[in-house]
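Below is one structure; the comments refer to it alone.
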Amino acid sequence: MKNKVVVVTGVPGVGGTTVTQKAMDILSEEGLNYKMVNFGSAMFEVANEEGLASDRDQMRKLDPETQKRIQKMAGRKIAEMAKEYPVAVDTHSTVKTPKGYLPGLPAWVLTELNPDMVIVVETDGDEILMRRLSDESRKRDLETTASIEEHQFMNRAAAMSYGVLTGATVKIVKNKNGLVDNAVEELISVLR
């Protein structure tokens, strides 16, 4: 029997991973043990097992067909996990590139993953900009508030298309400054 597969997305700096991890910890205390999987890490595991990459940066240099195959295999691997326990997939709905927005979950991944729910973590663009500027542990491209807002809009559009293709519900969770516990509670309410 398949357990729940939930995809959690958000732009860099919105706090999606933090909100998800805190929700997983609380749910675990309640006896609901989700496995949290980073999609990029799952892809790297596949690439590494096949001797195609020894670090995550090398994956970007693989030819597109190989990348697609690795994406598909990672999706299949996560779907297999869902036979054992519920899974929360931490990934990006879209990836902003110099040539435009790249879908984080193209059709061949969605077919394998078949999520039950897509969650988009958001907040105001100016809050994200300030978080990025104050986070010295990460090196991120400098963006304007308008650019961040556009990226969040594209994430919503992509999430809805993922829902159309799979029948997954789409939930927007707001992670406002100083109110992370509210975002965690909102996420928990749909994961139970």
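Backbone N, Cα and C define each Cβ position, glycine as well.
Sequence annotations record features per position, and here Swiss-Prot assigns ATP binding site to GLY10, VAL11, PRO12, GLY13, VAL14, GLY15, GLY16, THR17, THR18 based on sequence analysis.
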Those residues of the chain, 6+ apart, with a Cβ under 8 Å from that of THR18 (ATP binding site): VAL180
Cβ-centroid neighbourhood (8 Å) of the ATP site, GLY10, VAL11, PRO12, GLY13, VAL14, GLY15, GLY16, THR17, THR18 excluded: VAL19, VAL121, ILE128, ASN175
Least surrounded among the binding-site residues, given as GLY10, PRO12, when other CB atoms within 10 Å are counted: PRO12
Assigned conformation of GLY10 (ATP binding site) - DSSP reduced to three states: coil
